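Some features that TrEMBL has for this protein:
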- Asp150: active site (ACT_SITE)
- 107-251: domain 'Pseudouridine synthase RsuA/RluA-like' (DOMAIN)
Amino acid sequence: ILLQTSPKLDYIFHGGRHVRPYYFEFISHVNKRWTGKTIVDLFADEFKGRAREYYVGAVKCGRIKVDGEIVPVSYIVKSSQKITHFVHRHEPPVMTDDVEILVKEPDVVTVCKPASIPVHPCGQYRKNTVVGILDAEHDLGTLFPIHRLDRLVSGLLIIARTAAKADFFRQQIEGGMVKKRYIAKVIGVFPEDEKIVNANINYNGSEGISTAEKGKPACTKFTRIDTNGTHSLVLCEPVTGRTHQIRVHLQYTGHPIANDPLYLHFSIDPMCTNCPKLIPQGYEDEALWLHCVRYSGTGWEYECPYPSWA
């Protein structure tokens, strides 16, 4: 007898939101860079999360297959071949905060995204994502995220419930018709007068970090809301939408987000195994003091409440 269980049972709450380990098959196709490598070299070179000995064993026992067939460890892969990897997947935990639904309309749902949860499946995350949690805990049907927030950023997330509504939002975003508002808690006394930062953003994908140097044009407007002499609460209005733009531009002003693990310093040692992160590997995430509060466009506007730290 096959017992059907609720997707809600996929989650365990124990010092964070955990996902019960599950079996999953990754599927990929051999690209130009992989062609000519042995099957073991391919995995050992490209997916360094596991030891080479694991990949040897996985190929031998058929957990890794090429075009659906078991191959020897010396097998050389060819262009466009399908490679499958059957794994027992353990997702990283995220914070226990609920994904709160703010507005539920026939073609739109807005939520307050907690920090630490990615918007959609990526990297090691599949079920511990906003889309995965909404699918498990609410009967919303097919969802179309129309913008993203970094994993550590909290706040307003707008999700279309139809393809047509998703296209409507994307056209407005790509046409520069959408105004965005975030708040950030930064170090020091931020200048009282409105400050506009025009500084190019260069994103290094391999390091996962951006710098204010040669790169794509980026502009952010900042306005101080309040200060206590140690920290300041700042309204951030990005004109463009580059990766980590607000975080980099605040660092550029000399007032980085007060608990930002990436942009509090740039004293990066190229030989260090922990750089560019502030804390050593293995520590738990902390909610970044950056929160999306409002998106508005032609004929529409959605807001999200302030977080506790603000």
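The backbone N, Cα and C atoms fix where each Cβ goes, and this holds for glycine too.
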Under DSSP, the domain 'Pseudouridine synthase RsuA/RluA-like' (107-251) has how many residues in helix, strand and coil? 27 helix, 59 strand, 59 coil
Tell me the Cβ neighbour count for the residue listed as 'active site', meaning other Cβ atoms within 10 Å of its Cβ, over all protein chains shown. 15
If I take every residue in the domain 'Pseudouridine synthase RsuA/RluA-like' (107-251) and average their pLDDT values, what number comes out? 94
